[in-house]
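Straight from TrEMBL, the features:
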DOMAIN    20-79  domain 'Potassium channel'
DOMAIN    113-184  domain 'Potassium channel'
TRANSMEM  25-43  transmembrane segment
TRANSMEM  55-73  transmembrane segment
TRANSMEM  104-127  transmembrane segment
TRANSMEM  134-154  transmembrane segment
TRANSMEM  160-182  transmembrane segment
Amino acid sequence: AVQEAAEGGLLIEAEQDFPEPYERWSILQAVFFSSTVLTTIGYGNIVPVTIGGRAFCICFALIGIPFTLTVIADWGRLFATAVSVLGRHMPKTPKVTNFIGRTWFYALSAVLFLCVYLAIGAGLLLLWEDDWTFFDGFYFCFITMTTIGFGDLVPKKPNYMLLCTLYILIGLALTSTIIELVRRQYATSWAKLQELSGPMAETLRRLGETAGTGLDYTALQKVLTVSMPKWNMSRKDPNNADIAALEAITNAILKEVKEAQNNKPKVLQIVIYESSV
């Protein structure tokens, strides 16, 4: 009867409350999802839909995220140590002599290396994904390495998800390495500043307050000589740029103080004694 009514043109509305069919994940999809959870990227293209899966995801993230971040930080320190050892054995660049120049050189080198790594990932994604451009791949790699993970661009082919997971883990380790190198550079700079504290800092404070008029040149020279950092004497490289810069600053201070005292006008003192005679 229902079929005859439908064939006769009668519109029959039926309420259907069937559950939506869920597609089971593959092993590669599960590994890719686990990596995005542990690295806090979270693209959103693969998500749990059942109550049990979501509950397990919460427990998995609470335990796995701190562990993963600790491992990535350890990788960063290990790679940073390796880079520091290689840097000490590499020949010095003659064009980069002062401390500021070397700092900018290392910073730009790290940024350039990270851009090359992102470009390599973009080139691989250009081969894997048919509808992606090079900029799309570079954009995806940058959003991934910074753990932003918008989810607007994600790999669609599951066969390459394992390689993408390895690329993400290595890239996060390299990012952690760059951060660790920058932290060590700041720590080294702060240690050098701490070595200049004490008598030299007090002398420079008095020099700033009195504009060099109340200080003796010989005494200032002794203080600056004594307060030079001890590590300068232990360096094997006599052409160290930090030592040269520090000596130049010290000589400039001594020169200014000496000129200020030489140009100081002479004061004639007249002493008048009173007598009852």
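Cβ atoms are placed via backbone N, Cα and C, with glycine included.
Keep in mind that what you see is a predicted model, and the values were worked out from it rather than measured.
Confidence annotation: the domain 'Potassium channel' (113-184) carries a mean pLDDT of 88 in the model. The stretch in closest packing with the transmembrane segment (160-182), judged by the count of Cβ pairs under 8 Å and taken from 25-43, 55-73, 134-154, is 25-43.
Through the fold, the transmembrane segment (55-73) approaches residues 34, 37-40, 48, 169, 172-173, 176, 180 of its own chain, all at least 6 residues removed from its boundaries and within a Cβ separation under 8 Å. Residues in the domain 'Potassium channel' (20-79) partition by DSSP class (helix H, G, I; strand E, B; coil) as 41 helix, 0 strand, 19 coil. In terms of DSSP helix, strand and coil, the domain 'Potassium channel' (113-184) has 55 helix, 0 strand, 17 coil.
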